[in-house]
Amino acid sequence: MTARTSDIEKAAGVLRAGGLVAFPTETVYGLGANAQDSAAVARVFQVKGRPPSHPLIVHIGGVEHLGDWVEDVPATARLLGERFWPGPLTLVLRRGRRVPLEATGGLETVAVRVPDHPVALALLSAFGGGVAAPSANRFGSVSPTTADHVRAELGDAVDYVLDGGPCEVGVESTIVDATGDVPSVLRPGGVTREDLEAVLGCPLTVPSTSRVRVPGQHPSHYAPRARVVLVEPEKVVAEAELAQELGHRVGVFLPPSLAGAPVKAHAVVAVPASMAAYARGLYGFLRELDQQGCDLIVASLPVEEGLGLAIANRLRRAAGPRPS
Ligand code: TXA
Ligand code: MG
């Protein structure tokens, strides 16, 4: 069920009182606090189990408010904000004085975005300030794309959950460092590199997964409980069946090129051929295979263009080495 006006008012009141509100965005659900309330922001870290050095994103209601939250708005940042907001793009800029260091993990830069979701925009408008929010999951695990995911994972630790239905985009925002002369992508996401390059008129650097530049990021992130193994698409079935024979409970991400192929495994997800549908479903698929009791997920990477870049980034990091 989607949030009503009275729910939005209630959520804005919770934020004003220093509480935490989980809310829908077009990418994933966020765990929000008043961005200017250091104590509320500290609770976000506590509830997520997230190291305090790992900065949050400040969500604002429109590009016209950007100047309130950052030291200055370089021309490139203005261009990107005007073109892609509201939308799945986060800009990293120099921190404005009203942003507490708690929200930026002690950094002199701040990440800002305008989410493209009617419930998020209504909340930001009713609240009137900025909402600092990471994805509403425990640190390192899979981001929630429905209100039920949030309730299942965070339960009573959140003061209020706004339900806006399933998220349309399904993977997090693209993070662009716009502090320097040449913008760079810190995390691929819902706005494609191709779309950014078309607007900027220049090629962008994108980090390789092995050399993560976003502060505080761990190689294993966006990870389900089950271990994730990545193989070439044509080897998915053989790899899955071998692991199943060896006693694993195997979940398979069956690539579209093998649609309908029989697989002897514990559970099978048919990967959608459309990248938009794959991105929308990705985190739900991972959660579903966990729920079915799989201990191993065999998947392959999509072609790394368009939304495929963000999907491949999340799959690589889900398959990355786990903290011991
Ligand atoms: O789509 C999204 O971005 C979602 C929704 C809720 O807006 N939010 C999200 O937040 O994914 P989170 O906290 O899970 O990821 C935010 C990322 C982190 O990897 C963090 O390191 C990076 O943004 N970040 C935040 N502030 C930064 C800064 N000042 N410099 C560089 N990276 C920053
Ligand atoms: Mg997250």
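Positions of Cβ are set from backbone N, Cα and C atoms, glycine also.
According to TrEMBL, the residue from Arg4, Arg113, Arg151, Arg193 that belongs to the L-threonine site alongside Thr27, Ala133, Ser173 is Arg113. Secondary structure at Thr109 (ATP binding site), as computed by DSSP, is strand.
Of all the binding-site residues listed here (Thr27, Arg113, Ala133, Ser173), Ala133 has the Cα closest to the Cα of Arg50 (ATP binding site). Neighbours of His59 (ATP binding site) among the binding-site residues Thr27, Arg113, Ala133, Ser173, defined as a Cα within 10 Å of its Cα, are Arg113, Ala133. All chains included, 20 other C-beta atoms sit within 10 angstroms of the C-beta of Thr109 (ATP binding site). Averaged across the domain 'YrdC-like' (5-191), the predicted model reaches a pLDDT of 97. Summarising the environment of Ser143 (ATP binding site), the number of other Cβ atoms within 10 Å of its Cβ, over all protein chains shown, is 26. Cβ packing within 10 Å was compared across the binding-site residues Ser173, Tyr222, and the lowest neighbour count falls to Tyr222.
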